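A.B. asks: Dumping the structure here so I can ask a few things about it.
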Amino acid sequence: MPLELPSLNASIVGNTVQNGAVEQFLNIRYADIPGKFEKPVLKNDWNGAEIDATKVGPVCPQPRTPFNFFSVPDDLWEKVNVDTYQDGLLCDNLIVTRPKGVSANARLPTVVWIHGGSNIEGSIYNLIYEPQFLVAESVRVGKPIVHVCIEYRLGLAGFLTKNGKGNWGTWDQYTGCQWVNRHIQDFGGDPLNVTLTGESAGSVAVHNMLIKDSMNGRKLFRNAVMMSGTLETITPQPPKWHARLEEKVAKVTGKEVADLASLSDKELLDAQIKLNVAVCMTCDDGDFFEPGWKQHLTPDWLDKLIISDCKDEGMLYFLPVNAQDDEELLAKVAKSPVGKEISELYGIKEGGDIKSACLDLKTDATFNYFNHLLFKKMEEARNNGSTSRVYRLAVDEPNPHNPDQRAHHAVDVLYMFNSTKFNEHGDKLSRLFQSHFLRLAYGLEPWDHRNFGVYRNGGYQQLPLSELNKVRPVERYEALSKMDFGQVGRLSNALSRL
């Protein structure tokens, strides 16, 4: 029996999963894309159509992930790289997952997920982000939620500028959030109780969405979760920076800059690979990032915000760092204007474990230092009258599938979704991890705000915020705050560049 969607002038047919406890609706188009390098147009009316939401939808063209980053079991790896079809103009779709049979007036808390992948890869159809297990757990513990995953444009298709404007993938994300606000009540969700979540580039996107929502009247989100990324991780670059990228793309494709929109999906992706684009940057174009946006960096109007990171985030860069000789790494440090200070602070010296020290710098300079700064700013805002609560989470528990990978970047995603066949202990930890976010969605404290949460040594504990230095190098962060961080970032980038 199709589900009626009055606000969309449509009905919809989906799938039943989790032994009948959960319903899932795939490939719901939330926006139309008029053309390459164009803003999405919110899709509000289906003209009475019945939507077939039983099959996976198109994803943005992207390079295939070459190795098993998460060390998931072999029988699951191909499902991680699910072979969906790719289309740069049809990829604005989303997944809604909900408890079976929820009524339209249920007003369940709604959780929205934005995946990571450096703005060049990733998909809502990746098994790692499969939400049915989280929704089933929400039912089991009596805190049922509606969950939404948003697909968006990636790579040059999503972030190459045109006439000084850009951020097409970012506009997609925001339009998806607007769709949730307008239409999630048809699925039993509460548009006034939305928790926005994301990891890595998805966490940066959460920060971007909060800034935009703050400037537009704070209507879309009540709570947020930022896992390993703030706007400082992928900072908006000026139009001149993006204009240089346009020129490079034109050169490798043999096109004029004015004709780049005529490139096919394949030609754009080939250009991206030839230029070795490892991260796609947003653009400070005065459009998505409106004048004055820097005054809205601290989302101190939210009810609650969780900021989390992993102990060994820098393991993301293990391959390029490990591929270099110690002498090469030392030479890069010596050449930097902040090299002497960084060498002393991290112990990047002859006779030491140079590669591990470089990965520690990558951990701080790309992710954890910025998390620390945002947490401090939120705490300061609280002291100055903000009613928002901020919660700090440290994920130091190693990858349950391969502990040798340590608590690497994105290992927390495994615990968030619990979709990769953990052993009994890993499953228990994952359910505990999920409980924090379900409590948040229900307006409850995920843990005592006077403490921070930490996953390590096979378990979970809370420690007073005054003891954060036991699990994070707070003194090192303070030393970094006194340096020219632009130079620190350039050195960090150089260390992982072959």
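Just so it is clear, glycine is given a Cβ too, placed from its N, Cα and C backbone atoms.
Since the structure is predicted, the reported quantities are computational estimates derived from the model, not experimental observations.
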A.B. asks: For the disulfide involving Cys91, grab the partner from Cys60, Cys149 as Swiss-Prot records it.
C.D. replies: Cys60
A.B. asks: With Swiss-Prot open, pick whichever of Asn9, Asn193 is annotated N-linked glycosylation site.
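C.D. replies: Candidates were Asn9, Asn193; Swiss-Prot attaches N-linked glycosylation site to Asn193.
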A.B. asks: Counting distance between Cα atoms, which of the recorded positions Cys60, His409, Asn418 is nearest Ser200 (active site, acyl-ester intermediate)?
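C.D. replies: Sorting the recorded positions by distance from Ser200 (active site, acyl-ester intermediate), the top entry is His409.
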A.B. asks: Could you check which of the recorded positions (Cys60, Cys91, Asn193, His409, Asn418) sits closest to Asn384 (N-linked glycosylation site), going Cα to Cα?
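C.D. replies: That would be Asn193, nearest by Cα distance.
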A.B. asks: For His409 (active site, charge relay system), which of the recorded positions Cys60, Cys91, Asn193 has the nearest Cα in space?
C.D. replies: Cys60
A.B. asks: Measuring Cα to Cα, how many Å separate Cys60 (disulfide bond) from Asn418 (N-linked glycosylation site)?
C.D. replies: 25
A.B. asks: Between Cys60, Cys91, which of the disulfide-bonded residues has its C-beta surrounded by the fewest other C-beta atoms within 10 Å?
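C.D. replies: Selected from the disulfide-bonded residues Cys60, Cys91 on minimum Cβ neighbours within 10 Å: Cys60.
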A.B. asks: Same-chain residues six or more away whose CB lies under 8 A from the CB of Asn418 (N-linked glycosylation site)?
C.D. replies: Phe133, Leu134, Glu137, Asp427, Ser430, Arg431, Gln434
A.B. asks: Please compare the recorded positions Asn193, Ser200 by how many other CB atoms fall within 10 Å of each one's CB, and tell me which has the fewest.
C.D. replies: Asn193
